[in-house]
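Reading through the structure tokens given below for one structure.
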Amino acid sequence: EFYGGGMSGLSLADRATIANMAPEYGATMGFFPVDHVTLEYLKLTGRSDEIVGMVEAYLRANNMFVDYNEPQQEKVYSSYLNLDLADVEPCLSGPKRPHDRVPLKEMKSDWHALLDNKVGFKGFAVPKEVQDKVAKFSFHGQPAELKHGSVVIAAITSCTNTSNPSVMLGAALVAKKASELGLHVKPWVKTSLAPGSGVVTKYLLKSGLQKYLNQQGFNIVGYGCTTCIGNSGDLDESVASAISENDIVAAAVLSGNRNFEGRVHALTRANYLASPPLVVAYALAGTVDIDFEKDPIGVGKDGKDVYFRDIWPSTEEIAEVVQSSVLPDMFKSTYEAITKGNTMWNELSVPTTKLYQWDPKSTYIHEPPYFKGMTMDPPGPHGVKDAYCLLNFGDSITTDHISPAGSIHKDSPAARYLMERGVDRRDFNSYGSRRGNDEIMARGTFANIRLVNKLLNGEVGPKTVHVPSGEKLSVFDAAMKYKSAGQSTIILAGAEYGSGSSRDWAAKGPMLLGVKAVIAKSFERIHRSNLVGMGIVPLCFKAGEDADTLGLTGQERYTIDLPENISEIRPGQDVTVQTDTGKSFTCIVRFDTEVELAYFNHGGILQYVIRQLTQR
């Protein structure tokens, strides 16, 4: 919950952006209490005085309205975190995680450190002798070049930033100033603009600024999840070849929420989150290897250097265009017909049967196997005996590593499944769009192209070693080989396993692959709960221990000594894990509540709920 004197100066659009980032700062939700700013937004979006008055009266009557003109009752929280808004400065996040914040003024020095650092969340290990490499190529007959840090994707995208008038119109003002000075984005930078709603399009047009965004290549591509989730589409073949053949660490700059490895695009190893105005600025610069305070962005039509300060709009300029361009009637006209649908929606054939009719030919919706063979009696706790290690991970394996939501790689098991059913590559769509098909999502589990699995001894990609045979296989194929032989599997991991988006498929997928337990140094809170919900046992190494300190390679077989009776299992109890090499160690079983034990006893939360419903 956010509180304090700075609240009154924070717009509702800014609050929405911060609240939407809750998973990134480890919260289930971010709550801003209703105050006068909320009421002003209701008026701005076309709500009647009667509705606004009722909202205020109701919340005041329930002591849920914050009035900064009245004496504030001191609130008591379990813990406190103070932020002085005067300390806030322009920044980006990247290149591989949203919580790796980089102040704008430090971007160039940070980039050079990244090239030097060993491979990791803040390193690419590019040898000194090739850090200045220039990859020259022909872009549709035009001479072009890429270097480490060259921006090849610049996208104004996300579900909240793109509904924030100040940053959207701010980006348009940057484009306007750049166009007037004679600056233009290089044609090989893939630019796009996905407004947060139809209202955004209306006020960009009303302001007269959309034409400047168009001039810089930021044309409106549609509404919905685009580059942020990996739906940027292919890069031009010449650009893709230049990156691949010269091993260029190319960059994407986007106004999205998340930049986990492999999410934005397979060919952009460096992915930075930035505000929409900064996205335009970096697109114009064409590189993240730049100090905006000292280095020119480009050369204007008068032959003089143009700097960041020359194209950056003032707060007053932005406020003026917001005031004149964002009007209540825009919200009314856009949303008054929202429940009427459009012609295509209204012409859809809708079955009238009480039960859903599964289409066996559909590659989007498939009947999941969760309830097949289910009986009314709970199966009880499942033990883990002589399980093989499917994957051996280090720290910070995110839900994007576990269950990517972006594009389906042409050589992946999911692609193979689709092609076998006559789906053309251009129609693969994304994992996110096909989350209603368990066959595809199971094949997409651990399909992240940046996956680092210690069983592969340094090789990066969505593969593993099938321990009994020594074969190197896709994770899905190896998992199916274990399942067909009746062999259970476990996963070894480091700290922060399951961080990132709270994605249910990151727990469903491993369950479908036959994973029975995950042994990690620590878990992201929501993901640990999701694992329990799918019947997977989360175990934590004891403090100071992990797979490496215990000498575990992942080549062993693991037996987890769980009691067979659920009444003998307690939240947080110690359990012994034994290996076939003679090693044994103690872990903490991370069932944290009694209800989680009930889920485990039933085989998962889905089975638990079904049994509860049928008993009513």
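Every residue, even glycine, has its Cβ placed from backbone N, Cα and C.
The [4Fe-4S] cluster binding site annotation in Swiss-Prot covers C159, C225, C228. Swiss-Prot lists R258, R263, R421, S502, R503 with the feature substrate binding site, giving similarity to another entry as the kind of evidence.
Feature map: annotations from Swiss-Prot on the structure.
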residue: C159; record: [4Fe-4S] cluster binding site; DSSP class: coil
residue: C225; record: [4Fe-4S] cluster binding site; DSSP class: coil
residue: R258; record: substrate binding site; DSSP class: coil
residue: R263; record: substrate binding site; DSSP class: coil
residue: R421; record: substrate binding site; DSSP class: coil
residue: S502; record: substrate binding site; DSSP class: coil
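Sequence-distant contacts of S502 (substrate binding site), defined by Cβ-Cβ distance under 8 angstroms and a gap of at least six in the same chain, are P23, T399, I526, H527, N530.
Of all the binding-site residues listed (R263, R421), R421 has the fewest other CB atoms within 10 A of its CB. Note on proximity: of the binding-site residues C159, C225, C228, the one nearest R421 (substrate binding site) is C225, by Cα distance. In terms of Cα spacing, the binding-site residues C159, C225, C228 that come within 10 Å of R263 (substrate binding site) are C228. Separating the Cα atoms of R258 (substrate binding site) and C159 ([4Fe-4S] cluster binding site) is a whole-number distance of 11 Å. Here the binding-site residues are C159, C225, C228, and the one with the most other Cβ atoms within 10 Å of its Cβ is C228.
Cβ neighbour count for R258 (substrate binding site) (all protein chains, 10 Å cutoff from its Cβ): 24. With a cut-off of 8 Å between CB atoms and residues at least 6 apart in sequence, the same chain places T399, D400, I402, S403, A405 near R503 (substrate binding site), listed in sequence order. Residues C159, C225, C228 make up the record's [4Fe-4S] cluster site, and a Cβ search at 8 Å around their centroid adds T157, S158, A194, G224, T226, I229, G256, N257 from the same chain. The binding residues for substrate are recorded as R258, R263, R421, S502, R503; their greatest pairwise CA distance is 32 Å.
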